[in-house]
Amino acid sequence: MLKRLEEMLTDIWTPLLILWITLFPYISMAPVNQLKSLQTGSFVGQQGTGERQRSLSRAKRGWVWNQMFVLEEFTGRDPILVGRLHTDLDAGAKNIKYVLSGDGAGSFFVINDKTGDIHAMKKLDREEKAEYTLTAQAIDADTKQPLEPPSEFIIKVQDINDNAPEFPNGPYHASVPELSSVGTSVTKVTATDADDPVYGNSAKLVYSILEGQPYFSIDPHTAIIRTALSDMDREAKEQYLVVIQAKDMGGHMGGLSGTTTVTITLTDVNDNPPKFSQSVYHFSVPEDLAVGATAGKVKANDHDIGENAKSNYTINDGDGTDVFEIISDSQTQEGILRLKKPLDFETKKSYTLKVEAANVNYDARFGREPFKDTTTVKIAIEDSDEPPLFSAPSYLLEVHENTAINSVIGQVSASDPDVTASPIRYSIDRHTDLERQFNINAEDGKITLAKALDRETDVWHNITVIATKIRNYSQISRISVAIKVLDINDNAPEFATEYEAFLCENGKPGQVIQTVSAIDKDDPKNGHFFIYSLAPEMSNNPNFTIKNNEDNSVSVLAKHNSFRRQKQEMYILPIIVSDNGNPPMSSTNTLTIRVCGCSSEGIVQSCNVEAYVLPIGLSMGALIAILACIVLLLVIVVLFVTLRRHKNEPLIIKDDEDVRENIIRYDDEGGGEEDTEAFDIATLQNPDGINGFLPRKDIKPDLQFMPRQGQHPAPNGVDVDEFINVRLHEADNDPTAPPYDSIQIYGYEGRGSVAGSLSSLESTSSDSDQNFDYLREWGPRFKRLGELYSVGESDKET
């Protein structure tokens with residue numbers, strides 16, 4: 001009641017205070033300006049000495065005033081009077097003018113130049129400009145001369161409560177943990193007021209909650225929001241909307257207010273345990289479920305969220321702890337049951353498990369241990385058609401390498417684990433037995449040998465046997481069968497390598513020539529033991545003997561030092577090597593021993609046959625010189641024979657100089673450039689081509705064999721044609737001469753030839769103009785022809 005009375009008194013005094021503030025300038029300013037003129041002065045001077053004395057005295061201020069005030073946001077129709085300026089010089093006798101300058105002079109503030117009244121012409125806003133600095137001066141209205149110095153004063157805009165509080169950062173969002181204790185700080189809000197915080201209560205703010213009670217409270221002065229209830233549960237209501245009000249004038253009536261909203265979210269704490277939706281879960285899985293596959297899923301629901309809702313699942317009890325396992329899915333928060341071992345319906349048909357879900361995190365305020373819950377999981381096993389089951393996980397068979405073909409070397413066995421007990425059929429995966437070394441009986445699984453074995457080739461054979469259910473061919477099983485081939489003594493020992501020993505001529509008796517060892521492809525259980533001996537025909541060998549080194553090797557020793565290459569260059573020593581097998585095996589191996597020349601230190605220098613001639617006294621250089629002479633003589637003989645053969649053969653003259661026996665008979669000029677059939681080059685390549693003369697197509701038949709005009713026998717009664725024919729016949733029968741002779745008769749000049757005649761038969765020159773001496777230069781075959789023509793020419797001259 002007292003609080004309400006206090007608020008009523010405050011509401012009554014507030015408007016009275018505002019009215020007094022509004023009227024205060026009008027009551028106080030004018031008397032101060034008019035009555036409180038503390039300084040006086042005169043701008044009117046006197047003449048003479050008194051004038052000078054006044055001029056030297058300090059001029060006193062004629063008027064003074066305090067700060068002026070004007071109320072902001074004045075909305076009257078007439079200008080508001082701010083104040084009045086007056087000077088003592090204004091006694092009515094002088095013509096004084098008041099001048100105003102500075103901030104807002106002429107726009108916001110105007111002075112009456114005669115009375116000095118200052119009016120505010122426009123509405124002022126303190127929040128835009130709180131004060132104005134102006135300068136006032138009194139001057140002579142006629143001379144415009146200042147009557148006293150200018151004075152500066154301030155007009156302050158007086159604040160009124162015209163701005164409501166504002167929340168510059170609103171709306172707000174905050175959070176607080178659920179179930180927090182009363183008074184837990186949530187957040188703080190801040191409001192601002194543009195009014196003058198110094199003058200009055202216009203900017204004095206008070207905060208309160210309009211909406212959000214009774215859950216939250218706010219401090220009216222600090223604006224801190226706190227929880228008001230202790231049992232706020234996020235799972236019941238997660239978010240609250242709180243409306244905050246800020247009111248100026250200290251919260252009294254007539255004050256302005258502003259509001260904002262604060263969204264408060266309750267954050268989760270782990271205050272709820274996980275809870276299975278079912279007390280018993282039932283699952284059915286087939287017995288052929290693969291290991292690692294999912295058998296079922298369970299989930300414990302938790303009303304909390306985030307990390308507080310995570311649970312860890314475990315199997316605490318049951319008869320399937322070694323068969324099943326459970327893992328936690330971090331995404332779905334489910335417990336996933338997985339199979340650890342294969343199931344067998346015929347052995348066990350169901351399992352019961354106790355599954356527990358416990359929170360990963362916990363809050364100590366709600367207990368010392370994490371929240372947890374348990375459930376029962378029953379898993380029923382369904383019968384499935386299973387593949388055959390072998391009696392062993394793998395098989396190992398051993399067989400001797402001399403085992404007869406078709407012998408049984410072992411057996412595999414498989415059965416149907418189902419109650420149907422289907423018969424089983426056996427087979428071998430031929431991809432594992434490409435050589436088809438083994439066979440298997442399809443009904444009883446007995447493995448037999450199909451091909452002969454050789455341990456030295458393959459010690460192990462790994463095959464895969466397939467068991468198939470006859471009633472369901474899709475159900476098959478595979479098993480690995482390893483077959484080891486056992487050794488028998490079927491290989492004789494032999495030299496480890498092909499030995500070739502070297503014996504020095506100057507060697508000493510008992511000197512070790514070569515150490516030999518043997519190998520055996522067999523693999524006896526107690527290891528190898530070899531016995532070496534010389535062949536029976538060499539048991540009394542006068543040159544060599546052997547010595548056992550007790551390490552399955554022997555050394556070959558020389559019995560004397562009289563070995564000579566001239567006498568015998570190579571020795572063959574047969575050695576018999578036997579093993580200790582049952583039965584024992586042996587082989588005869590040959591050691592080749594070469595006799596060589598050695599240095600005094602026993603280093604082999606030469607084992608070649610050239611050593612035979614060295615004792616004669618010829619050095620290596622002499623032998624090389626003799627061989628060189630023999631080769632030179634052979635070269636000379638070959639050259640001589642070659643030159644002799646070339647001397648008997650006729651010389652072949654080059655084509656451009658070969659005029660030998662090229663005698664051509666011309667009966668006409670020839671065919672010119674267009675005569676392509678006048679001369680057949682094939683005639684020159686074939687000696688028999690003369691008889692096979694081809695008639696020309698462009699010459700009349702009667703002109704083909706036109707006789708040469710003016711042909712007469714040569715002097716001394718020798719027929720030239722006959723002589724030429726004889727010589728040509730001889731040339732044709734000469735196998736050493738190339739067929740370059742040819743006779744061609746031309747009876748037609750041809751058409752279109754622009755060249756002159758090349759024939760001498762119709763030349764204007766006579767036979768006397770021709771010189772036949774060149775025939776002598778053609779060789780012995782034309783020597784007689786040249787003599788005939790030369791004699792004819794000499795007879796004509798005489």
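Glycine too: its Cβ is placed from the backbone N, Cα and C atoms.
Going by TrEMBL, these are the annotated features:
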TRANSMEM  12-29  transmembrane segment
DOMAIN    87-167  domain 'Cadherin'
DOMAIN    168-276  domain 'Cadherin'
DOMAIN    277-390  domain 'Cadherin'
DOMAIN    391-495  domain 'Cadherin'
DOMAIN    495-617  domain 'Cadherin'
TRANSMEM  612-641  transmembrane segment
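Applying DSSP to the domain 'Cadherin' (391-495) sorts its residues as follows: 3 helix, 51 strand, 51 coil. Residues in the domain 'Cadherin' (87-167) partition by DSSP class (helix H, G, I; strand E, B; coil) as 0 helix, 35 strand, 46 coil.
Note on the domain 'Cadherin' (277-390): DSSP counts are 7 helix, 57 strand, 50 coil.
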